[in-house]
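According to TrEMBL:
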| type | residues | note |
| --- | --- | --- |
| BINDING | 63, 114, 158, 165, 189, 241, 259 | substrate binding site |
Ligand code: GLU
């Protein structure tokens, strides 16, 4: 990514005065954010860091946590067991919708909406609540590369006002998706949302996903590489609330946003990107964050379907493989020969 330092500087100047949107207010503690905060961080898989603005300003991770806890549940339960409990279908509904969890679906649509994320928290293994929390914090520590902590006032605020999430948990219990320890599961979910991060941390976490699960700074393994494609798939299809489709179309980067104003994006085998600005739109996405991602995608051809497309080993007809490829396939893909 040549020109990257100059370009993020340009984007920072370009969008720092964009003041549309508002602070998330449904969790009272989040209204204390400073609307001027703005940061862009990029961490490459080689561990290079490019950032500008308030990249060390702390905030709570909120919904971005769902990505990483889903990865942990994949490791704890495996893919098929998880799929029985939580689907991978985009909803087009708001993140906290209760409508989709009904008699027809029998399970939450995906792990990026609250119903699916609460179900995911219910699958985290541990002998008791403390062990589950400690395992979760250790997982975040591996991704971030330093000790982590929970913002207690945000956690208490979520717990005191999370009536809708409590309703979702009751529905999940009714459908047999979670066990009858609702308050413990909700606490774990509220704690994951209240994890303290900054924009730099988020870029390192995204870069870990881009680097086959290995934190590019500390070299510690955050997650087994075999689960990265599951995580990136749900990020790509469900990560941006009910804007996920347009995001895939315009930006084309597996991403996840949170109502505190962060957005992470993963460029597989290349880099992690994070933007932080707490002014969000009605769907819950950071407005400056979306602008920055769209511009970066355009400038550096980061859309997943930009040419050149990633190389496919199936089509890589090298000298020593050609004999093993059936005639028909060779014919179909050999565009140099006349039909
Ligand atoms: N803790 C929030 C909730 O469950 C997460 C919101 C979000 O970032 O989407 O309501």
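Using N, Cα and C of the backbone, Cβ positions are placed for all residues, glycine too.
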In the chain carrying residue 158 (substrate binding site), residues 6 or more apart in sequence that have Cβ under 8 angstroms from it: 27, 165, 190, 193, 194
Among 63, 114, 158, 165, 189, 241, 259, the record's substrate binders - longest CA distance, Å: 19
Spatial neighbours of residue 259 (substrate binding site) that are distant in sequence (at least 6 apart) but have CB under 8 A: 24, 26, 27, 30, 62, 63, 280, 284
For residue 241 (substrate binding site): DSSP state (helix, strand, coil): helix
